[in-house]
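Undergrad: Quick one: structure below, then a few questions.
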């Protein structure tokens, strides 16, 4: 766990130059990431497509915010050769880091599944999908992340090491064996669908964003759950500074992915707000019910089709 190597009292070990270098790089990356995710929160237009992206940017911003505090405390701890803050505070900071980290993982999984659904079942997605489904899903994911951290905190504060260890193993297993596979499977299906589609049809910009974000998550953010999971089981011992640095890289690079995709697809965009709001942030408007009914594979005389015919007859000929 983050800060687990920190003990109370005076330390006589010499200053670790490697640790200070890692913390310094982490701090610099976090500051860049805070600026990037802050720009996303301020400049990205709010709609049904970007609602997930906005929540993901907020989760990344929160993770980087807590990582900055943790890194500064580690630097002060190295320089002062004594504990600056109590160990309880460091543990609480680590739990806040896990809360925002888990939330980013949950949201990225939801984004992948949502885009995969829109690609596999476009008609249902445009005609039948509840308009406020994104709001409900995000609210449930925030509640789930909060419940997980509250459970882990309550068990770890019970002074029973076994209970705390079991809760951490369960949380990491949930990330590794439920959310991460769902994200990878949905992204893989989406990639296969796009590759096997029409050669003349260009992949959607949002698909490109999801591919890149998921790829960098697997490379940089997933090691935090994997290494801590193996460490709790006693297989390996990995420095928390390294995995936190990798996770910070992932949270920092996401805004640049949004920006670069927007600039590549709109090369004439000269301003940051224009590049941050390219056409991939706007889905097609929902079509009317008649168009949906005609597009579906239905029996010709179903009530939906009959209602649409009557409506069209009224518009054309004034038939009652």
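In case you wondered, yes, glycine gets a Cβ from its N, Cα and C as well.
Keep in mind that this is a model prediction, so the values were computed, not measured.
According to TrEMBL, the protein has these features:
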TRANSMEM  20-44  transmembrane segment
DOMAIN    22-258  domain 'G-protein coupled receptors family 1 profile'
TRANSMEM  51-68  transmembrane segment
TRANSMEM  88-113  transmembrane segment
TRANSMEM  133-152  transmembrane segment
TRANSMEM  172-194  transmembrane segment
TRANSMEM  206-226  transmembrane segment
TRANSMEM  238-261  transmembrane segment
Undergrad: Thinking of Cβ pairs under 8 Å, which stretch from 20-44, 51-68, 88-113, 172-194, 238-261 has the most of them with the transmembrane segment (206-226)?
TA: 238-261
Undergrad: With an 8 Å cut-off on Cβ pairs and a sequence gap of 6 or more, do the transmembrane segment (51-68) and the transmembrane segment (20-44) reach 3 or more such pairs?
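TA: With 3 or more qualifying Cβ pairs, these stretches touch.
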Undergrad: Taking a Cβ cut-off under 8 Å, which residues six or more beyond the ends of the transmembrane segment (20-44) line up next to it in the same chain?
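TA: Here the qualifying positions are 50, 53-54, 57-58, 60-61, 64-65, 67-68, 71-72, 74-75, 78-79, 239, 241-242, 244-245, 248-249, 251-256, 258-259, 272-273, 276-277, 281.
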Undergrad: Along the domain 'G-protein coupled receptors family 1 profile' (22-258), what average pLDDT does this model show?
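TA: 90, rounded to a whole number.
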